[in-house]
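Following: one structure in structure tokens, then a few remarks.
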């Protein structure tokens, strides 16, 4: 089973583990160890402890460098959105990690393989194993394929409330009138595309697009914020 | 002022910054930037965001490797004790970082320089700057002098409750009678040294020493736990 995982990691991510035992440990739940008491197995929890911290740092460093103007509060909110259980469990499924978890019979019957908290744990423990085996650069290379592209795909835009951030930014020195207007609506009903403009005191400061008005507004706020911060420099 | 800090870092830790602006930023509070609006200064918060994650990982990795038998729950408690505000603010003072913070006049008058939360922030931002300028190995080398020796000095022993951990470990499979007894008491009143033995069902499983009975008991529990876990392997 771990052999198949290794093949998949090699094919998809060009990852080749040296210490196969680490990978075994990262994908083994305590329930499986308990069912096989004489095989000297280890379960993933300690590696997960490490992987959690590896993800915190690699994600922090990436967004710190990618958004050189973003204030600490916003960086913290964005990181929280990126490193949460809901995100990690989705990444785990996307990488087919759910197929390779070694579970005890009871846990299997109880549907643990689909449980978001377990999937999140396994994503973290995989990262911990990758870090121990291949170092930080290998982790960065992996999450550059699995996590970072989601930023551009807008996965975390709802978590970082750009509309509120824009409002806070503009109203630091007094009241400003902020308006969002739909500029364009196009495409068929099942693939509608909205373009929205945002203005401050009747002057347009940004535009954005999205599959709903809400998403287009968020995108417009994000773009406006980025321009405003760059001009401030 | 930053020049003096650089001299001290060079003398005490053999640290030589390449990007001096990073060090400036790490020691500058927003209040100081606000008082000097035309100097294009930056304040420490973004670097602190990064430094916090660097410390999480470097401390996690150290205790993960140092205690190969320690279960996740205990690792998590120990890390929490090591990376908390109270610990970091003491390390900041020990390194004289408090002397080099650039504060606005109002904050200075309000006693911010002695404020634990600010000292903690500055310790984290220093680590962030060191990481950006010199990489992870330089951070590990620095905290190997400033943080890790505290483990042996017992700084975090009260946070990790070894007596409770030992009890949990021994009583997994039923009730066990655990006793702590003072074996030896020596030294003058102001430098008393206690040696304590711990037994499980009347069989001695460890001894420990300390400057109080409580510390000696904690040390005995810690040693007993370590032996028990090693024998379990």
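FYI, residue positions are counted from 1 along the chain as it appears here.
A Cβ is built for glycine as well, from the same backbone N, Cα and C atoms used for every other residue.
Pulled from TrEMBL, these are the features on record:
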ACT_SITE  A:52  active site
ACT_SITE  A:124  active site
BINDING   A:48, A:121, A:124  Mg(2+) binding site
DOMAIN    A:6-135  domain 'RNase III'
DOMAIN    A:161-230  domain 'DRBM'
With DSSP as the yardstick, break the domain 'RNase III' (A:6-135) down into helix, strand and coil residue counts.
95 helix, 2 strand, 33 coil
May I have the list of same-chain residues other than A:48, A:121, A:124 whose Cβ is within 8 Å of the Cβ centroid of the recorded Mg(2+) site, in sequence order?
A:44, A:45, A:47, A:49, A:51, A:52, A:120, A:122, A:123, A:125, A:128
These are the recorded positions: A:52, A:121, A:124. Which one scores highest on other Cβ atoms within 10 Å?
A:124
Go ahead and report the DSSP secondary structure tallies for the domain 'DRBM' (A:161-230): helix first, then strand, then coil.
33 helix, 25 strand, 12 coil
About how far apart, in whole Å, are the alpha carbons (Cα) of residue A:52 (active site) and residue A:124 (active site)?
5
Name, in the order they occur in the sequence, the residues of the same chain whose CB lies under 8 A from the CB of residue A:48 (Mg(2+) binding site) and which sit 6 or more residues away.
A:26, A:121, A:122, A:124, A:125, A:128
Mean of the pLDDT scores, which run from 0 to 100, over the domain 'DRBM' (A:161-230):
88
